[in-house]
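So that you can see what the record holds, here are the features copied from TrEMBL:
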COMPBIAS  1-11  compositional bias 'Polar residues'
REGION    1-29  region 'Disordered'
COMPBIAS  12-22  compositional bias 'Low complexity'
TRANSMEM  62-80  transmembrane segment
TRANSMEM  86-107  transmembrane segment
TRANSMEM  119-136  transmembrane segment
TRANSMEM  142-159  transmembrane segment
Amino acid sequence: MASYGTMQRPGTSSTSPPSTQPDDSKDSARKKRNDFQLLCPFNIPISPEATAVRIIRNLRYFGLYYALFVWIILFISLVPRRKVSLILLVVMTIVTSLYLTLLRALPNSVALHRIIDKRLVLSLLAIGTAVELILTRAAIHLVVSLACGIPIVLVHAVLRVSDDLFVGEEACAAGELVPLVHGKTGDVDIESPASV
């Protein structure tokens, strides 16, 4: 047996003598291996209702990442030929980022959170960006980016399973999350939110 990259001292052998004691570590490793479950974050939904719940949940949770993914596709498609469109896209991105930063910096502002709806402002910015791209003759880039990005986003939203410890989607298709643990632990009584 060749040992590449290692040196042995003279007078020592590379093989160890067989042990006479039983190896308990192998038995415990087998027990642990049987208890191990591989959790995959992707799974096919059980029903159309579970699919709708999963899409809505993933759009809420991953919405920023989905928008960033489609934005990157649009940005890359604009780089080679549409410099003016690219500049306008970056300007609208900066305006949107400043608005979202202002929302986070002023969490108690009544004007920003109650009078002006965040969804209205973000949809107006998206419409403004689309109009700018159409006016600069980059509409085909926008359509191709949306045609490439939206199916990938929808497939991810349908197949991605939440990784929290709650009952499966068949038990909470209405959107309620039911904890798995019911009962007492120590002196504290744990109750489900439905029984409170």
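Yeah, the Cβs are placed from backbone N, Cα and C, and that goes for glycine too.
Predicted automatically and left uncurated, TrEMBL annotations should be read as such.
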Q. Given pairs 6 or more apart, does the transmembrane segment (62-80) have at least three Cβ pairs under 8 Å with the transmembrane segment (142-159)?
A. yes
Q | Distant-in-sequence neighbours of the transmembrane segment (86-107), which means Cβ under 8 A and at least six residues beyond its ends | A | 71, 74-75, 78-79, 113, 118, 121-122, 125, 128-129, 132-133, 136
Q. Short question: which residues 6 or more past the ends of the transmembrane segment (119-136) have a Cβ under 8 Å from it?
A. 82, 84-85, 88-89, 92, 95-96, 99, 142
